[in-house]
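See structure below.
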Amino acid sequence: MSQETIISNLIDMLKVSAGWDREANEISGRLFHKLMDMSSTETISQYMSLFGPLLEPHILEFIQNYEQEIDEVCLEYRASYDFMCLRNCGILPAKRFYDTYVLPPRTEMNGKYESIPHFFARIAAYCAWNCIMCEPLKDTLVYVQKRDWNVEIKTDMQIFKYFYKVISSQLVCCATPVMRSAGVAGENLSSCFIIAPTLDTEKSTISSIFGELAPLLASRSGVGVDVTKFSFGGKNIHSCLKLINAQVEFFNDKSVRPVSVATYIEVWHCQIHEFLSAKLPENPDRCNSIFQGVCVPSLFFKMYESDPNGLWYLFDPQDAPNLTRLYGLEFEEEYLRLVSEKKYKQSVTLKSLMFSLINTIIKTGSPYVISKEAMNKHHWYETQGEAINCSNLCAEIVQQPKQFTSTCNLANVCLPKCLNSSNFPYTCSNTAQFDFSKLEYAVQAAVFIINACILSPSPTSSATVGQRERSMGIGCHGLADVFSEMGYGYLDLESECLDRDIFETMYYTAVKTSSEICSVGKGQPFAGFRKSKLAHGVFHWATWDAMPQRVPMKQWIHLQDNIKKFGVFNSQFIALMPTAGTSQLTGYTDSFYPYFANMSSKVSNKEEIMKPNITFLKNVKPQDLCTVRFYGGDVSMMPEDVSTRYKHFLTAFDYCPEAQMRRASIRAPYVDQSQSLTLFLTEENVQSAKYLKDLLLLGFRLGLKTIMYYCRVKKTTKLLQLECLKLDEHTKKDAQIVLADLARELPDSHKTEDACPLDQSECIACQ
């Protein structure tokens, strides 16, 4: 048999035990990387000959000019601790790199993949070139590196190395469009688009859906669509949703990167019930490929709290054009005026509409629920008269798309990379410390990466206009891993303080770095800066009546003065998106969520791969492993002495949903866009509509912008997870022999007989 066949057979034997056998998981991942090395690019010269025709000419020229230096950087990376950690994250991250992110072979005859070191080099070259070409970015980067980190940057190659180190270490994870397409000619790098198309005639609806929406979906990004203005000729809104659904299905046919659309409507729309039924499982003509969201004015919640049996009036948007434009008190006055003038189409009880909403949520997991007042009250400029009433695909982006296509570029910080401990990440010693200086370094880098990507072409002229606001969305993943490594439960008081401090630091650092692109780099402030609240010295946290706790007030005041004098380069900064795609590459938990499960799986159209929570698994004592496996890793079900030992590894379904919402409100003052807040419920929670209704009302009272992104319900019964309980030791031995070849390829200082210590542990349209 060939070496490739031997390795493939070993991987197949090992991965069936990759759930509970940590060593099998790591070895199978390393073997898969070794297997792919055999069919991946080896040198920059080879890379350019194979993938050069795909790249933008100036990126190809940059790589050609520094071919030898980039080759050396890639070789150093192959022998680095960072690369060792990446290759030892397990079989799932290894698979995801090659089936989703690196450039695939261009032809079957020359079937070479883009190697992982060259994958990072392509992204770094793109960021470096754009940074070099944009003088404000370059000058600011050079300045802050010297001032804050005592690192001198004098050459273009040093800029490349800066980006390469940050990206290849996975301290900052780029969004999926950036990883897949940075440097590739004609590709879009934006993650999110939001449009508010004109839907008041048949002609305008067709023009909007096929003229505005189609090019955005073709760019492989998620899109939020406001359909509140749908109104003409008695047509049913379901027909419009079917058109959108068909487009999504067309673009997803045989596509590696699925995309989708989230359609949003306000709850006073006369076809709200038709909208809510569009995805119901009992609907034979349901729209399976799109998502839904509802924008709820504060008046609805207040009236419900006052009298659930009271009437709620529904309007045709042509009869009530101002309702979309207003929020808060002005909305209430307009609504009551229209009611008094009997402009409504029909009336329903508040309770019946609330029940319809909750019924759809329980059956489909959506619609997302966003608060119209919170979205607008905390926006970067006053929106009264042009109110925001929709969001993006994952409900974490807050922008006003009325005149153009709103656009946002994303990146996220891998928070566990900011932990310092002599033992981390070898074991959970409860002595790990969070390094805020490393977090600041990461956020600075994210600002430069995103601004470099903002310079990329947009798929439509309307999106190009939207990019003038230079909206950023810096998120995170691995927050739950940070808490457990430090010995905190997700909802402990200590984790609450750390949670708040992390996002305060992220917001402060992002705003400061962006302002220095104007003050140091002499960049022009974003379009619309003069009307912004920042121009008047009002930070996002001030609109929440919150007071910063970690960053001294004198630093905020100094930043405030600097912004008033010089401006700020970006309009928005922090957005906590789901990171289901990118977090698979690091093995850490998705976004800011608690652990979803200590044992789960990822299913594709090819196979099912076990996904253990490695942060949990590496801390399971040998004597507890049988017990832990018996209960499927569910800490809440284990005997008291065992569950106490692993209390930091409770899952999202074990924690009180109300407490999770309150935690979201604590970090909210420092999240100037929004949070994709998922509700994790049990079947017991949703036996009646009351519990979910109370959660939605709580979200309103807490002032959350995104009251609910998605609702996940944990089933009481579980299917047995089928996997090999005891792996044949001969299989492991054979695998280790094959891996010995890999060890010989590394310098002595990087050889190890042990598995890599850094092994922590959907839709990827946003990340």
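Indices start at 1 and increase along the chain as displayed.
From the backbone N, Cα and C atoms, a Cβ is placed for every residue, glycine too.
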Site co-member for substrate according to Swiss-Prot, given Thr176, Ser191, Cys192, Asn392, Leu393, Cys394, Ala395, Glu396, Pro578, Thr579, Ala580, Gly581, Thr582, out of Gly211, Gly222, Gly365, Gly537:
Gly222
Expressed to the nearest Å, what is the distance separating Cys408 (site 'Important for hydrogen atom transfer') and Tyr709 (site 'Important for electron transfer') at their Cα atoms?
18
Close recorded sites near Asn392 (active site, proton acceptor), where close means Cα within 10 Å, chosen from Cys192, Tyr709, Tyr710:
Cys192
In three-state DSSP terms, the structure that Tyr709 (site 'Important for electron transfer') belongs to:
coil
Ranking the recorded sites Tyr709, Tyr710 by other Cβ atoms within 10 Å, which is at the bottom?
Tyr710
Please identify which of Cys192, Asn392, Cys394, Glu396, Cys408 has the densest Cβ environment, defined as other Cβ atoms within 10 Å, among these recorded positions.
Asn392
Distance [Cα-Cα, Å, rounded] between Tyr709 (site 'Important for electron transfer') and Glu396 (active site, proton acceptor):
8
